[in-house]
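**Q** Handing you a structure now.
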C-alpha cells in the first residue's frame, strides 16, 4: 500500500516536469530561429529544427499519458482507445511532416546560401547560450524520475531526446568557438546536424504510419506514443554504439551474439575492417578533380612541380604528403577601385546598370588629388581580370606573390593617381571615358607583367567620375551657373544676329521698293512726256479736229451714267408723259439752248 502513493507522486512529478520542459523547449526553439534569421546562421536553423523534434516527443508523451489516465478512470472501450490512438498518431504526424519539409528546405538553403561574417560578440553570445541550453537539458534529463517507467513508458524516450538536445547544444557551442578561427566548420556542422534531423524525423514518421495501420488485439490494446527512435537509442543511450546496436537486435529481434564463435569472429573482423575502411578513405585523398574553370599545381612534401595541371582527374601522394592546389584560372574576376560596397551591392553593380548621383554617397568612396592640388575627384571603377593562361605566368601567380589580387589593387590606385595628377576636373569630366579607361587598363597590364603577378587585365569599366560628395552640391551649383551664363550669352548673340538680319532685310526691301518706285516714276514721266509731245503734234496737225475730239471726250465723261434726251429743234412742242416713272421729272423742252447750238456749230469742223 505504500508504493501506490509514491508512484502517483513520481508520475505527477514527471508530468509537471514535462510540461515545464515543453514550455522551455518552445522558448529555446523560437530563440534559435530568431538568432538564425538575424545572423543568417544555418547551424542555429538546424538547432531550431532539432528542438522541434524534442518538443514533438515531449508533447506526444504528455498527450499519451493523459489519454491513458482518462482511459483508466472511465474504463474506455476498445473502439474508443483505437479512435484516440488514431487521433494521437495524426497529431504527431503533422508536425513531424512539417519538420521534414523544413529540413529539406534548410538543406537546399545551405547549398546556395553564402554565410556572412559575424561579429565576435555574436559568436561568443551564441556559444554561451548553447552551453547554458546544454546545462538546462542535462538538468531536465536527470530530474525525470526512473521509477514510473512502467506507467509512463515514454519517459525513457524523452530522456533520450533531452540527451540529443544536450549534445546538439554542446556541439553548437564548440563549433562556434572553432568557427571563429576556421569559419567552414560551422557549415559542416550544420550539414551534419540537418542530415541527422532528416534521418530521425523520417524514422519517427515511419513509426507513426506503422502505428496507424497496426491493429492490436483487444487484450493488448494500449495507447503508446511513437516516440521511440532506434537512432537515438544506438548513438545516444550509451557510449558504445556497436554494443547498443547488438543489444537492440537481441532484445527486439532475438538475434543473439553471445556465442563464443560469434564473439571471436567479430573481434577478429572489427579491426581489419576498420583499418581497411581507414585505408580506403586515406587512399581516396590521392585523387583530385580539377573543374573545367580551374587549373592547379601539384606539391609533394612541400616542393612544387613546375607544371600547370589542366582540368581533369589527377593523382598525388595521400594527405598530408601531397597536395594539389586549385585556382579559378578560367574565371573572370572583378575588383572594386575607388569605392567599397557590400557583397550583394557589388553583385548588382557587376550585372546591372546603375544611376549614380553626385550628391548621394555610394557606400565608401576614396578621393584622388588632381593636378591643381586644390581639387579632389572620386573615381568609381571595376577592374576585370583573370589568371594568366600560359604556364610561366600562371606559376608566377601561384608562387611569385603571396597575394596577387591585393598587389593588383595597389597598382590600380597608383595608375589612377598617375593619370589624375596632371589633369583638372574639367578635363576629366569632359574627355572621353573610353580613352581614359583604355589608358588605365594598358598601364595596369604593364605593371602586372613587370611585377610577375600572373594576372591579365581584361578591362577597366568606369562607373562614375564626380567630385567628392561633400562638395558635389556646390560643384553642381557652379556648373549650373556656367550653363546659365553660357545660355544667356548664346541667347543674346542669337537675338543680336536676328536683329541685324531683320534690319538688313528691311533695308534691302526699302532699296528695292525705292528702285521700283523710281523706275515707275521715270516710266510715267516718259509716258506723259510722250503723250504731251504726241498731243502737241496732233494739235499742230489739226487743231479743230483735236478740239472736237477733246469736246466729245469731255461730253462723254459728263454724261456717263445719265439719261440723255436728243430733241430735234425742228419739231413742234412735244410733251413727254413720264408718270409711270415716279423718279422721273416732267420737263418739257421748248427749245434748244442757243449757246449750246452755237458752240456745237462753231466746233463742228464740217460747218
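Yeah, the Cβs are placed from backbone N, Cα and C, and that goes for glycine too.
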**Q** Between the candidate ranges 4-20, 21-37, where does TrEMBL place the transmembrane segment annotation?
**A** 21-37
**Q** Could you tell me which of the ranges 89-111, 158-180 is annotated in TrEMBL as transmembrane segment?
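**A** Range annotated as transmembrane segment by TrEMBL: 89-111.
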**Q** If you average per-residue pLDDT over the domain 'Band 7' (285-479), what number do you get?
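**A** Across the residues of the domain 'Band 7' (285-479) the model's pLDDT averages 76 on the 0 to 100 scale.
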**Q** With CB pairs under 8 Å as the measure, which of the listed stretches 21-37, 43-62, 123-144 comes out on top against the transmembrane segment (89-111)?
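**A** Answer, by Cβ pair count: 43-62.
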**Q** Take the transmembrane segment (123-144) and find every residue of the same chain, 6 or more past its ends, with a Cβ under 8 Å from one of its Cβ atoms.
**A** 14, 17-18, 21, 24, 28, 31, 35, 39, 41, 44, 47, 155, 158-159, 162-163, 165-167, 169-170, 172-173, 176-177, 179-180
